[in-house]
Amino acid sequence: MQCALYDAGRCRSCQWITQSVNEQLSAKTADLHRLLAGLPVEQWCAPIGGPEQHFRNKAKMVVSGSVEKPLFGMLHRDGTPVDLCGCPLYPASFAPVFSALKPFIARAGLTPYNVARKRGELKYLLLTESQFDGGMMLRFVLRSETKLTQLRAALPWLRAQLPQLRVITANIQPVHMAIMEGETEIYLTDQQALAERFNDVPLWIRPQSFFQTNPTVASRLYATARDWVGQLPVRHMWDLFCGVGGFGLHCATPQMQLTGIEIAPEAIACAKQSAAELGLTRLHFQALDSTQFATAQGETPDLVLVNPPRRGIGKPLCDYLAQMAPRFIIYSSCNAQTMAQDIRHLPNYRIQRVQLFDMFPHTAHYEVLALLRRL
């Protein structure tokens with residue numbers, strides 16, 4: 001992939017950009033083999049890739065500059081701003097949104113936050129696009145609620161320019177730290193969730209719910225999990241760290257009993273909405289800590305699917321799963337190193353199959369799906 005920002009030395013986020021996609025996949029596959037060395041794997045499935053550019057459905061932009069000439073992008077460690085509107089990872093549909101937002105910021109009087117001076121209001125712009133219908137969610141991350149009245153007053157102009165903006169919010173992040181969002185979310189539109197659809201499964205994206213940033217590869221990840229589960233004798237399943245329910249909603253059948261657990265209430269609200277649309281009455285989603293939920297149960301499901309954050313599921317949950325001994329475990333991971341550590345704490349399981357998904361091209365990161373069978 002050719003990138004003018006990288007060539008000019010202004011951005012180094014895509015550290016592997018000089019390698020071909022095939023070279024990147026080979027290196028990632030070798031890394032996964034290294035991490036799983038000593039763990040018997042019955043089947044290595046071919047890695048899954050996707051587009052090398054224009055694949056991201058989300059932009060996280062630091063806002064700097066002035067209210068008359070705002071700049072969207074990032075700040076180097078020395079405070080130097082870099083305009084990332086031309087980043088080739090973004091789809092072409094983002095460009096008109098960035099173009100309209102620059103004069104809008106002046107109209108609304110949203111002074112960009114100055115990190116050095118600790119002054120200003122607008123810290124970040126967070127933009128998400130649905131691949132289903134092109135609808136978008138825009139979040140203004142503000143230092144305070146001071147400019148809310150001005151923002152509301154100026155919104156009709158912005159919505160006339162950009163009718164694809166279905167969900168608009170103001171997130172309040174008052175802390176002088178590089179934290180992307182605060183706890184308070186104020187909706188500026190009637191619609192509060194963005195509709196998405198993978199493999200004919202309805203999904204919903206809310207402001208504070210995690211959603212994969214590479215829809216093409218994510219849809220194949222979910223479809224693969226569905227295929228694997230469909231080949232197994234599963235009537236009762238847990239989906240831990242379930243997020244908006246992507247895995248569980250794909251894997252569930254009308255006859256299957258499935259419980260999805262996620263600590264974020266916003267994500268659980270999305271999952272429940274999707275389950276209702278699908279008419280799956282035996283799916284139950286709850287906003288709880290996954291480890292605390294699992295260790296408090298007295299029953300053993302046929303299969304436990306885990307999709308933890310980068311830190312992995314941790315030894316306490318590994319120990320409990322080893323003791324509870326479900327027949328199957330599916331582990332989806334964005335950090336193969338912690339996944340390998342966790343699997344080593346499950347000595348009574350063998351990896352039946354494993355597959356790499358190149359969710360993050362031009363970086364060393366990747367997603368992995370592993371099916372474990374009890375010995």
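Glycine is treated like the rest: Cβ placed from N, Cα and C.
Around the Cβ of C334 (active site, nucleophile), the number of neighbouring Cβ atoms within 10 Å comes to 19. Per Swiss-Prot, the feature active site, nucleophile maps to C334; the stated evidence is sequence analysis.
When secondary structure is read from DSSP and collapsed to three states, C87 ([4Fe-4S] cluster binding site) falls in the coil class. Cβ environment of C87 ([4Fe-4S] cluster binding site): C3, L5, C11, A59 lie under 8 Å away, each six or more residues apart in the same chain. Positions annotated as [4Fe-4S] cluster binding site by Swiss-Prot: C3, C11, C14, C87.
Marked as S-adenosyl-L-methionine binding site by Swiss-Prot on the basis of sequence analysis: Q212, F241, E262, N307. In the three-state DSSP classification, Q212 (S-adenosyl-L-methionine binding site) falls within coil.
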Do you know offhand how many angstrom separate N307 (S-adenosyl-L-methionine binding site) and C14 ([4Fe-4S] cluster binding site) by C-alpha?
-> 25
Same chain, |i - j| six or more, Cβ under 8 Å of F241 (S-adenosyl-L-methionine binding site); the result in sequence order is I261, E262, S290, V306, N307, P308, P309, I313
Around the recorded S-adenosyl-L-methionine site (Q212, F241, E262, N307), other residues with Cβ within 8 Å of the Cβ centre, ordered by sequence, are F210, C242, G243, V244, G246, F247, A267, P308, S332
The largest Cα to Cα distance in Å among the residues Q212, F241, E262, N307, listed in the record as binding S-adenosyl-L-methionine, is 15
Distance between C14 ([4Fe-4S] cluster binding site) and Q212 (S-adenosyl-L-methionine binding site) at the Cα atoms, whole Å?
-> 18
Rounded to the nearest Å, what's the C-alpha distance separating Q212 (S-adenosyl-L-methionine binding site) and C334 (active site, nucleophile)? Just drop the number here, would you?
-> 11
Starting from the [4Fe-4S] cluster site formed by C3, C11, C14, C87, give every other residue of that chain whose CB sits within 8 Å of the mean position of their CB atoms, in sequence order.
-> L5, Y6, S13, I17, L84, P88, L89, H362
